[in-house]
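Here is what Swiss-Prot records for this protein:
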| type | residues | note |
| --- | --- | --- |
| COMPBIAS | 1-19 | compositional bias 'Basic and acidic residues' |
| DOMAIN | 83-120 | domain 'UBA-like' |
| DOMAIN | 134-345 | domain 'DCUN1' |
| REGION | 1-24 | region 'Disordered' |
Amino acid sequence: MNRLKADQKTKVGKRKQDPPETLSEAEYDVKKCRAQNNANLVGVSNMTSSQTVMPITHLSYASSSSQGLAQSSILSKNCPKNYENILRQFVQWTQATEPVSLNFLAKANWNIEYAMTLYYDNPNLFSSSAPATVDQSKTIQLFTQYVDKRDGLGERIGPHGMQRLLIDLGYEPIDRRVLILAWVFKAETQCEFSLQEFTNGMASLQVDSIQGLKQKIDALDAGMKADLTKTRDLCIFTFNYGKSAASRSLDLEMAICYWDVIFGARKPLMSQWIDFLYGQERMAYARLEEELGPTNAKKVKSVWITRDTWNLFWDFIVLGKEDLSDYDEEGAWPVLIDQFVDHCRENLNYPKPLRENSNAMEHQSYY
């Protein structure tokens, strides 16, 4: 990234002698912005547009066609004074080339969070600005390295191969990045990848190496705090990924495990929620013990997390206030969450809001 700090004093004296450049609209914006910033530094304020468009010698732009850039119809005409830092940060997080990064930032009006969302939603949006760098044969060869006969899954990566993959990536099994990896690859089964899932996932990230894969997954993880939509998408994916194929709901222990993976260190409300669920399980077991006897009662799992509860719990824990003062009792919440709120207000001294002053949930981040 040192090239981004290179000398900004371009050869103004030779400007009229150089042949005219063919610039993309986004490249034109940045060159104009840099020229205007330089002009401000030396006290020049009355330069015309033709005088202020100066070559950028320290950004290694690949030549890009106007056809490729035509995919963006909202390229920004104004870039901030700290645009170099924004561009550098975007390149570092996404590992995208500078021309591609520039186009995404311009399309997002230099809002880096929005630009990253655009990039991960469609990394090939400006693919014509830079050639694809993924080697399919390398990806298949990489997949083959992690197929382990001990798993007995044929041409699939199984638990043994997955363990080696995580070691090479430097991830612990309970690391959220492991779940993000499964989400990006659209994996259907825990601890397994099919060849199609692996190759499609690598292609979507535009990588064909372990190092490249780690950089992209790390960047996605870092961006989760700023992009709650992606965090919710990850959470919704986890329900199907975590439950058994034969079940319609998620086992309580599995649900708690994945909540810890997604949300990290437990905040008080999360801890109280989990304690409440364990309490529900104990009460259910006591009833089953009376009806079926101790031996048979242990064979029955009495508390399950339904899809509705799982999905809406994200809204509850992320978007709601920690004191539950904005909880709408008339809202379409699952019964289990209603019961938890009643428990908090009756047994844990949570405030009981006035109904006439109850407000809709305000946006706030759990993280």
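Cβ from N, Cα, C; glycine included.
Counting residues per DSSP class in helix, strand and coil order gives 31 helix, 0 strand, 7 coil for the domain 'UBA-like' (83-120). Mean model confidence of the domain 'DCUN1' (134-345) amounts to 92 (pLDDT, 0 to 100 scale).
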